[in-house]
Structures are given as C-alpha cells and as structure tokens.
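Feature annotations, courtesy of TrEMBL:
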| type | residues | note |
| --- | --- | --- |
| DOMAIN | 11-387 | domain 'Cation/H+ exchanger transmembrane' |
| TRANSMEM | 6-24 | transmembrane segment |
| TRANSMEM | 31-47 | transmembrane segment |
| TRANSMEM | 91-110 | transmembrane segment |
| TRANSMEM | 116-137 | transmembrane segment |
| TRANSMEM | 158-179 | transmembrane segment |
| TRANSMEM | 191-211 | transmembrane segment |
| TRANSMEM | 223-239 | transmembrane segment |
| TRANSMEM | 245-265 | transmembrane segment |
| TRANSMEM | 277-298 | transmembrane segment |
| TRANSMEM | 304-325 | transmembrane segment |
| TRANSMEM | 332-353 | transmembrane segment |
| TRANSMEM | 365-392 | transmembrane segment |
C-alpha cells in the first residue's frame, strides 16, 4: 500500500527533525494533513477511502485513537481538576452553549437541512483538541491558571459532548425510519448509562487490582502502562458489546482510574506522547487523503460556518460562561480563541455517519466538519506561538 509507505516515510522525516520543526510556527498535524493531501492527489482513482476495506480501517484507527485520548486525558486531568472554577464554567456552561450556538447558526446558514443535523454539527464541533493546544499549554510565559484551564477543558469536553451527539443521532434515526422518537431517545439514554456503568466498573475494579499488584511488587512500571491501555480498550469493547457507548465508557473509565490511582495519568503521558501521537497523526494523514474529494462540495456557507465555528460560536459562549470571574478581556479572548478542533470532531463525525448512513444534509455535514477541522489545524497551528507570546506580554505589561 503506497499510501502507508508514504505515511511512514513522512513520519520518519518528521521524527528526525522534530526538534527543528518544534521551533517553527507549524504543527505536526499540519504537516501530515498536507502529506495526506499529496497522497490523495497522487493516487486518485487508486484508492477509495469511502469503501471497505479502507473505510473500515480508517474508522477503526480513528476510534482507537479517540478512545485512548479520552481515557488518558480523563485519567490525567481527573475530577479534582473541576475545582478549577474557570474550567468548571467552561464545561458546565460553555460547552452546552457552544452546542446551542452551533445548532442555531447551522439552521440559519443551511435552511435545507433538518434541525437535528444542525444539532449533530454543533455537538461534533464543540469539543476541543488537547494535542493541537499543546504549544499554548507548554508555553510557560502564559499564566499557569490560563494554561491549566485550557488543558482541563480540552481534556474533558470531548467526553462531555458525546451524550449530546447520541441524543441528536437518536432523533435523526426516529425521523428517518418514522418510528416513535421515544424509542430511539431511550436507546441513546441506554447507551449513555451502559457506557458510564461499564467505564465506572472497569476503571474502579481494574484500578484496585493494579493498585494491589503495585503494593505487592507484582507488576513492573512498563507493564503497568500496558495494563492501563488494556483497561482503556476493555471499556470501549465491553460497552460496545452490551449496547453502550464505548466513548463514554472510555471517558468515565479514565476518570475512575485516575480517582483510584492518582499517578495513572502521569504514567500514561509517555504513551500519549509517543504511540498515541502516532495514531493521532495517522488520523490527520487520513483526513488529508479524504479532504480532496470533498473540495467540490464546499460552498460559501460551509466556509462561513467554519469561520464562525472557530470564532463566534465558541468565543461568545466562553465569554458568557466566564462572567463574574474577573478575567481580563485579553484572557477571555485568549481562552475563546484557543479551542482548536481536531481528533474528537473527526471521530464523532465518523460515528454519526456510521450510525445514520445516508441522511438529509449528509454532504453538508461532512464538508462542514472536515473544513472546520482543516481550517482549525492551520489557523491555530500558525497562531499558537505568536498569540501566546503577545498575550503573555500584554498580561505582564498590565501587571506592572
């Protein structure tokens, strides 16, 4: 498979010059999207990623990547992080408002699509990507509280968006097959509950077992990390087998494990920065391949929505959720802007497509999500370093 060979060639090149690239105003995701676009252009007609086995492989890789991100971020951030007042407001108030704003704008810009498709668009594009925000989070010039707020929000809001998405999908299924909406909403609620229960049980029980193994020196640090990864994948597959949401299970499982074993997230960091990054970059490489056939579907409304999604649809809810926190306008704008869309949006979009198959406005949905992610990768990647430094200088000047 020539595309796979090309991916590893690019990966080797990027790995060798990673320190050099890290000093440039570009992100690794940008490089792999461009590489994927080059492959998509070079092998047009040779592969069709919308059909098996390519579609199956893409969905599986993307699913596993998101499961590991959900589990790792949740275990690392933990429930204790909600003591951060700013993060709690962003998650409890900002996230639902972002979805609502997304629905309203989608319905206004695309009057031909059903409102529940607008809901799916809003839910899919609400989560932010922790990996794309690393440049900001790691910039020590930015105040620690602001960096921590962005890190916590991006670590937890992808899991928080899944229940909203499942409900909108249920409404869509009811509309498409002309069955009572209550039936599908009940199924969605069952997915949420079953997923949460599976994640809770596997996270707590698995965490207790691993903790006991640590106390008795039965397990080495290397295999402890492997055990954590097994728990992550177990939550997903067990929940999926019994009709629950594997993504919610992974999210709750990570939170539960982090509660039982305080340093679980720290041990998973090594994985997320190596093997996890490999899967993440693979998804963006695949996005580059599939984006070319979507280009003819892009309308001015799609571009406008993508721009609004990264600005108004996110920044106004952020500002509203932070009312009363005495944050400066600079800080509110900074937090509002740095909500990049990435892996979670891609995978949740694929989930919606797999559940609904063909539905009214599906081409609009696909083009909106992929264009928004593409725009976000480049806009946030290019602006992360200069805007972080500018914000840090303004904050420092005002404090003196």
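Using N, Cα and C of the backbone, Cβ positions are placed for all residues, glycine too.
If you look at the transmembrane segment (332-353) against the transmembrane segment (91-110), you find fewer than three C-beta pairs under 8 angstroms, all six or more positions apart, and that falls short of contact.
Long-range neighbours of the transmembrane segment (191-211) within the same chain, counting only residues 6 or more positions beyond its ends whose Cβ lies under 8 Å from a Cβ of the stretch, are 162-163, 166, 219, 224, 227-228, 231, 234-235, 238-239, 242-257, 259-261, 264. Taking Cβ pairs closer than 8 Å, the transmembrane segment (158-179) reaches residues 66, 69-70, 73-74, 91, 95-96, 99, 114, 116-117, 119-120, 122-124, 126-128, 185, 187-188, 191-192, 245, 247-248, 250-252, 344, 348, 351-352, 355-356, 359 in its own chain, all 6 or more past its ends. Contact counts against the transmembrane segment (304-325), taken as Cβ pairs under 8 Å, peak for 91-110 among the stretches 6-24, 91-110, 116-137.
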